[in-house]
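Okay, so here's the structure we're looking at.
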Amino acid sequence: MADSEITDEGMDNLTAANATKNISKICYNVYCTSDEDYIDKIEAYIFPTTFEWVAIAFYIIVFVMGLVGNFLVCYAVWKNPNMRTVTNIFLVNLAIADFMVILICLPSTCLEDITYTFFMGPIMCKIVKYLQPASVCVSVLTLTAIALERWYAICYPLKLKSTPTRAMIIIMTIWIVSLLIPIPDVIAVDTFYKIPKRYAEDLGVVYLTYCQPVMSEVWTSQNQMEYQICLMVLMFFVPLGLMAFAYIRIARCLWANAIPGTNEIRGGSTYSSTGNSTRGGIESQIQSRKNVAKMLIAVVVMFALCYMPVYLINILRFTGLGTMIFVDKESETNVVIVAHWLCYFNSAINPVIYNFMSAKFRKEFKLGCCACCLYCCPKSFAPAYRVTSGRQGNGTLTYKFKSSEFKHRHRGSTSDRTEHITLTSLHTEA
């Protein structure tokens, strides 16, 4: 072993029992070096490897993609009243939870996984470790609520009237339950030093500070393992079972054309398919519901694939089986980094799924991006659009892009004027 290196074994043996401190030197095991050299050794130990630099790049991509995408989901539903359906209200709630977990939890998780250090202190440790499982609970319960709502709305349209008010009540319940479930985490979790605390304080460094559950007489490792297993069953397997059941029933109704003789219109009201409705209209509605079902199933499958690894790793950690599966500390660290990245990738991928599988979301996403560019950087887009001279009779200014045309409509009184940008056509000018 080289004197200039600190290995995983060396760091594990660095405890108060086998370490001593002199005025200008720290000695532990075979190492006895100055404070400056000791800090250099730690910095070299936590410096990212090539694999970890690649992981950082992927974390940055997910961070940007997740914030922009989930914001666009909220913007699309807020901007277009026709998109304020019950299902989309739930999707906005899902986007808010995903936005929150990416903004608050992703940076600290990335740093902690790669540098073995939680830099934000004990208060943020509790906040982050509380909001992360709470957001996951919001996501999984929202997906479950969507599946059950779609099942009743499609297969039993006469028994359930889906309304935005009912959806908001369900969402409030979801948040209350989700904020209660992680309470054991926020009680047990705390920061602790991998190196003796007095040395870290004397040197003025926070390296190798962990943010994890601290075992005690009140909260033992057995309690932690039981809690993780309960969390996995109640927040993963049971919801997935309910969602699988609901979407299987939905598929049977839609693809077998076995929907009862009513059709749901926006807002939850129903009308007879043998009355004012035409056969073409019914088929169009069924096809639209099939497309929505496909999109939601894709979201659920992605959630299951992304969260399964991290739940399994938690079980391996708290049962002690991880030491038998992972050959060394580096391989375990790399697997944990990938598993955590998959969780955040799930929070960022949902808007991409909506974009590819929903024409309405795709249209609103394009509108939102173009409107943002127009308002934020009008000079940059000067060559790309021209404004028609004068104001039309209805108070509309028309912006013509090279590939699109927008109308900038001013409404409201002088004291209360709001601006709306609506997409009027997408065509290529000659």
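From the backbone N, Cα and C atoms, a Cβ is placed for every residue, glycine too.
Record features (TrEMBL):
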{"type": "DOMAIN", "residues": "69-354", "note": "domain 'G-protein coupled receptors family 1 profile'"}
{"type": "TRANSMEM", "residues": "56-78", "note": "transmembrane segment"}
{"type": "TRANSMEM", "residues": "90-110", "note": "transmembrane segment"}
{"type": "TRANSMEM", "residues": "130-148", "note": "transmembrane segment"}
{"type": "TRANSMEM", "residues": "169-189", "note": "transmembrane segment"}
{"type": "TRANSMEM", "residues": "225-248", "note": "transmembrane segment"}
{"type": "TRANSMEM", "residues": "295-316", "note": "transmembrane segment"}
{"type": "TRANSMEM", "residues": "336-357", "note": "transmembrane segment"}
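Of the ranges 56-78, 90-110, 130-148, 169-189, 225-248, the one with the most Cβ pairs under 8 Å to the transmembrane segment (336-357) is 56-78. The stretches the transmembrane segment (225-248) and the transmembrane segment (90-110) do not meet in space: the count of Cβ pairs below 8 angstroms, excluding pairs fewer than 6 apart in sequence, stays at fewer than three. With a cut-off of 8 Å between Cβ atoms, the residues of this chain six or more beyond the transmembrane segment (56-78) that come close are 48, 84, 88-89, 91-92, 95-96, 98-99, 102-103, 106-107, 110, 114, 341, 344-345, 347-348, 350-352, 354, 360-361, 364-365, 367-369. If you look at the transmembrane segment (130-148), the same-chain residues 6 or more away from its ends with a CB under 8 A from one of its CBs are 87, 90-91, 93-94, 97-98, 100-101, 104-105, 109, 170-171, 174-175, 177-179, 181-182, 185-186, 231, 235-236, 239, 242-243, 246-247, 296, 299-300, 303, 307, 343, 347. Summed and averaged per residue, pLDDT over the domain 'G-protein coupled receptors family 1 profile' (69-354) gives 81.
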